[in-house]
């Protein structure tokens, strides 16, 4: 439990923003969520490491928040410290004179900005990720992907800070990732990663980028707050959205939450949705899909309860 002493000591650790009783609805794309006891934004990896070590030693619960685009917070918020990585926004292209380039991205770099910058630099490989609205760090943690590729496919290595504040480098061969999952040590934070891209003709890159843009615009709702896909696809040949659509759930509503009319694997906030509304829809969909199709849908959405821990 946080007390005033903890808050003052945390103020001495980080120079970035520190907010008490911060409404988490203002830090997520869903626009849902109650207050966090404390929300902080370390300005560099050293501050982050010192903060993690302090929280671990004081037995204070914490969680890491990137852009907040695939997260649903409880209506009562979060009891502990929410650590935003938005200020960790460094980017560097490593030129080596060949067709292949290494790009270093810090955790807080927005994925759309990374895709745009890579394309403008004549680097091919990230185009299919256009439209994923999260941060690079969040993309690493969830192995985000689209168009048949994922962040894990591009990574050469990632750097972590563990809960003891120690920085750890994990090379590609030691990364353990699967569909929408990246296995990282408990309590650790991905602070940066190196990806490999290749040089290509600008015209080809623009065609690939426009193809990704067109697909996203047609298939995803953009007019209302959401948190992206709610469920993982059961298999490559059985998209969750198609399965949910087939059962007639498009437009179904619980309070202010609604299954999108555009893409059935999206739940949108029509204006006053609560986490409870969203969870009611999720439960209904999962139960009915299992009863009628014998498919157990797994969440892609990260649901954070009031008492969730960093474990």
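Glycine residues also receive a Cβ, built from the backbone N, Cα and C atoms like all the rest.
Owing to the predicted nature of the structure, the values given are computational and were not obtained by experimental measurement.
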Which listed span TrEMBL calls region 'Disordered', if the choices are 166-188, 189-211, 212-234, 235-257: 212-234
Distance [Cα-Cα, Å, rounded] between residue 300 (active site) and residue 229 (active site, proton donor): 7
Rounded Cα-Cα span from residue 229 (active site, proton donor) to residue 180 (active site), Å: 11
Residue 180 (active site): tally of other CB atoms within 10 A of its CB: 18
Residue 300 (active site), number of other Cβ atoms within 10 Å: 20
Set of same-chain residues at least 6 away whose C-beta sits under 8 angstroms from residue 229 (active site, proton donor): 240, 241, 265, 266, 300, 301
